[in-house]
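Here the structure comes first, spelled out in structure tokens, and everything after it is commentary.
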Amino acid sequence: MTYILEAKDLRKQYPDKLALRGLNLQIEAGEVFCLLGQNGAGKSTTINLFLGFVQPTSGAAYINGLEVAKNPLEIKQHLAYIPENVMLYPHLTGLENLNLFSRLAGFAYAESELRRYLEHAGLPAEAVQRRVGTYSKGMRQKVGIAIAVAKHAKVLLLDEPTSGLDPKASNEFSELLRQLSGQGTAVFMATHDIFRAKEVGTRVGIMREGELVDVRPTTLLNANELEQLYLHYTH
Amino acid sequence: MMQSIAQKEFVSTLRDRRFVVLSVLVLGLLLAATLVGRARYRTLQQERAVAQQTVNDQFHHQPNRHPHRVAHYGSFAFRPKSGLSLLDSGLDSFTGASVFLEAHQQNSVNFSQAQQSGSLIRFGELTVAFVLQQLVPLLIIFLCFSAFTEERETGTLKLLLSQGVSLRQVAWGKVAGYGRAVALVVAPALLLAAWLLFGQEEVAGSPDVWTRLGLFVLSYAVYFFLWIVGSVVVSAWQEHARSALITLLGCWMLGTIILPKATANVGAHLFPTITKAQMDAEVHEQAQRGINGHDPQDKRSAALKEGLLKKYGVTSEKELPVSVAGLVMAESEAYTSKVYQQHFADLTRTYERQNALSTWAGLLNPYQAIRPLSMGLAGSDFAHYVHFQQAAEAYRYQLVQRLNQLQAGMGYGDKERKLDAATWRAIPTFEYEAPPLGWALGYLLVPTLALLLWAVGLCWLGLKVIDNTRVA
Amino acid sequence: MKTFWILFAAEWRHFRAAKGLVLLTSLVLLVGLYGIYYGTSEINRQRQHLAELPALARHNVEELKVKFPDEADAGEIGYYHTTFAVHHPTPWASLALGQRDVNPYYVKLRLLGLQGQLYASENVNPTKALSGNFDLAFVLVYLFPLLIIALCFNLLSYEKEQGILTLLLAQPVSAATLVAAKLAFRVALVLGLVLVLSGVAMLWAQVPPDGRVGLWLALVVLYCLFWFAVAFLVTSWQRTSAFNAVALVGVWLVLVVLVPGLLNVFVSAARPVPQGLELTIKQRDEIHGGWDKPKTETMNRFFALYPQYRDTATIKERFVWRWYYAFQHLGDQSVQELASAYTDGLRQRYELVNRLNWLSPAINAQTSLNALAGTDLPAHLAFQQSATRYHDALRGFYYPYLFHKVAFTHADYAKEPTHTFTSTSDPTTALSGLGKLLVSTGAVLVAGLLLFRARPVNPR
């Protein structure tokens, strides 16, 4: 079968550093894979490789069976991405930003639909028509979530998406992720938040110095055990 | 405290590769411009000196001639280049180099460099003044635009202030540090220029030139100070390095390209220049009201003759000891010269009115203050040009009148006779003495004042902005 | 293609939101309109001055008719009668004034030696001449590159520095499409401005609708595209906005200021022009020497040029006009070589500049526009040549009166030849300029494309 997200011997060598040493990973539809690891462990590099922003030194990344490096444009039809710090055009309103990015993704939504996506992502109704320049980081993050959701992608790539969100918003976000995975979306999330990883993840992976050192289903661990495991690998 | 900040800026500037590349470039251009200026100065100066010598010799070696023929033969006045014009050639390329001096009329100064080249010259000439006025400020902008923004973005500003330094001290320290770096770029070229000037025997001993050079350097020091302070202040005022850079570049373009051109054009538009043809026609019209030296039937000549007969108590022109024709010529020359001088003075006044807008714009734009100041000190501005024109006219007038007096002394029937060739050798040739610095300074009050006002105003405004600068 | 248009439309919104850019663009538009106004009114003023000249000439004739109520010696008339050789501008001159402000656009002529009269300068305020003309060509050649730089210095680096680029490129949008849409919007904006300004200028100046309209538009459009190509090249380098701004202003400085300055120095050194003053000095000496030489010697030299007058009466008088004009004529003759060396030198300088103007598209554009408008040095030299021919015609007109001792009557004034000269466009120079512009634009564009391909866009 083809996996929604797959890495085969994925390797990235920077001039000064080996960022990723032969990653092998398969993620199926509806799965939520959480990647844990210290700063510089290679989490972002992995996401960038899946996004096609970085070219692998060897090996390949696949999205929906398509090799990323060979189909840089097509794979983006199938994925949505929320960076750690969502930045948008500051002079456009949240609504206009969502509209622009959705249209670029190939969707022409009516304004009411756009509003619904924003509300669904947790953006206060009064903020919808305000310029993004006046938003807090959390509000921008929510627009980013709306953009991702509105794309109806098969894969969601998340790079510490909840940083800057308050606990309530984080909780709502987890809820959203569960919904999406229920609808068959595969989620790949790099995070520092062990608790959230245990809560929404179906599997967790721990990365150290460019190497995926352990992968476990979350059902077999509680949060405390997961933390112990994490500390074990990173010390 | 300030000293150590200045030292830090100076050292880190010197270690900045971009600055080193840019300043080597600017220094290279400065040195090239100095040498080119020197070469041009020498060629033009020599050409003009040779030409002046040629016409002087020609004048002295005339054969036996009637003095009025000599007056029509006339002479030329060539404008010598001023010593410092190798640094700032100012208007020299756009003013003529020579005037034909002859009886009955004041000619315009012809043969400007601009007429001898295509439109290429309108892009501007590569002179030391150009590099100092336009390129060094650009270097300063590139050097200083991130003075505060960078410290703020990297957080080192907070660190500095936590050491007990005040924002003002940081700002002045930066100004001092950058000032030292700029001086390092500019000084070698000015030293070379001074050395080249020193090498010229005609200039070396002249304290006037040295004072001019001193003031020249001083004015540019103030000008650079303005740019450094301005750049540091903008850097403190703007949030991002990018916007500080764009603001400063915008100011540079507005100040050094758009405003000078616009004010000069608007000025010329507001006070239209009379055409040469129209001016000639008016002069002709008015000169007719005076005595006409070449018209024996003129009523006024007849009256003059009557007066002479009465004065000498004789009955016919033949018995007069003087030539009526010569005296009529002298009378006519006095009149037409006055008419010409008045019209040329009007023309000069029109030009001055046109230029006034640019001069006063110096209060808004330091570039338009340093430019006239620099030209004025270099002796290549409009006032110096007019001074030459007037000196040439004064010489022409006394030459022609002297020849008229010679003619008058020949007595009746002078037209049939000639004067000996030796006569012409006794007549002094045109010697131009450039005006002294004191004279020139009188014309430079507005730009000097503007530059000083800018220095005071910018420091005051700068302190206000610095005091209100966000630290983080 | 669809994403291209979405991005293109978005650019419009980004542009509208950037108040500084909108202000700058409107400023350039206003400055351009001022340039058009200035150029047209300057040329209209010159036209008006030229139109006033016949009145001055008529007035002069009236005076002469009073002074010589009956028949007169043509020598007297030739001495006192002033007439004008006039240099009319093409309608295009309003768009590119070129050297028309420093070179005189008419010459006052009498029957005397030509070389003493031909180089008289017009009243020009040197301070203003130094500052130069604020015409449309200046706005297009000097200021439009700056506008393009202001619009493009953060073409991609803005999104990158703001952190928007990651999200943008996570959409099915290629970096190439993004850059293309951004560039296309700016090109459309700038070219729209160029076309509007050129259109207004052409209508205002009432230029004839011929091929030159297309040539002008092609030149200015291509010149702007050159600067866009430079901006694209710098964008492909993918450095910070500040770096881009410095690099672009640096390129502007080199091409618009330094290369012309250096080229000017080089050209004056490589093609030294024999000074014009040398020839006026020599001519004066020849003419005045004429008074002291034996009359027969002078006349024989003159008859060698005009054998048809050889049989005229031998001169015995102390002064006679035909002798006077003969040595004036010989004065011109004696400096003919110097005079043609002078004009040749000037022309060679101009041609050398034209040969080297590929070094800077700014010089190329300026010289091409001036050539199109007929306002550069060659036009002036052509006018001087035409004025010389006119002076010859005047001599041809007066000499029969002088040598055949025909009295000059009041009716003869009307028979005197008059002069008119209108400068012509030089499409050859303009076309070759266009060719060179095409090559430079193409070269920079290809370099930009190669660099863009060689360096995949890094969104971080």
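A Cβ is built for glycine as well, from the same backbone N, Cα and C atoms used for every other residue.
Caution: TrEMBL annotation is automatic and unverified by curators.
The feature transmembrane segment is assigned by TrEMBL to C:20-39 (among others). When Cβ-Cβ distances below 8 Å are used as the criterion, the transmembrane segment (C:20-39) is approached by residues 93-97, 133-140, 143-144, 147, 150-151, 189, 193, 196-197, 200-201, 204-205 of the same chain, each at least six residues removed from its ends.
According to TrEMBL, the transmembrane segment annotation covers C:136-156 (among others).
What TrEMBL records for C:188-207 (among others) is transmembrane segment. Same-chain residues lying 6+ beyond the ends of the transmembrane segment (C:188-207) with a Cβ under 8 Å from its Cβ atoms: 15, 25, 28-29, 32-33, 35-36, 39-40, 43, 91-92, 94-95, 136, 139-140, 144, 147-148, 151, 213, 216-217, 220-221, 224, 228.
Long-range neighbours of the transmembrane segment (C:213-234) within the same chain, counting only residues 6 or more positions beyond its ends whose Cβ lies under 8 Å from a Cβ of the stretch, are 92, 95, 140-141, 144-145, 148-149, 151-153, 155, 179, 183, 186-187, 190-191, 194-195, 198, 202, 207, 244, 247-248, 251, 361, 365, 368-369, 372, 427, 430-431, 433-434, 437-438, 440-441, 444-445, 447-448, 451-452. If you look up TrEMBL, you'll see C:213-234 (among others) marked as transmembrane segment.
Long-range contacts of the transmembrane segment (C:246-267) within its own chain (CB-CB distance under 8 A, at least 6 residues past either end) are made by residues 141-142, 145-146, 149, 152-153, 230-231, 234, 237, 239, 349, 352-353, 356, 359-363. Annotated transmembrane segment per TrEMBL: C:246-267 (among others), in sequence order.
Residues or ranges marked as transmembrane segment by TrEMBL: C:433-452 (among others). With a threshold of 8 Å between CB atoms, the same-chain residues lying at least 6 positions outside the transmembrane segment (C:433-452) that come near it are 176, 179, 215, 218-219, 222-223, 225-226, 229-230, 232-233, 235-237, 354, 357-358, 361, 364-365, 367-368, 371.
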Contacting positions for the transmembrane segment (C:136-156) when only residues 6+ beyond its ends and CB under 8 Å are counted: 21, 24-25, 28, 31-32, 35-36, 39, 94-98, 165, 175, 178-179, 182-183, 186, 189-190, 193-194, 197-198, 201, 220, 223-224, 227-228, 231-232, 234-235, 238, 241, 244-245, 248-249, 252, 256, 362, 365-366, 369-370, 373, 457
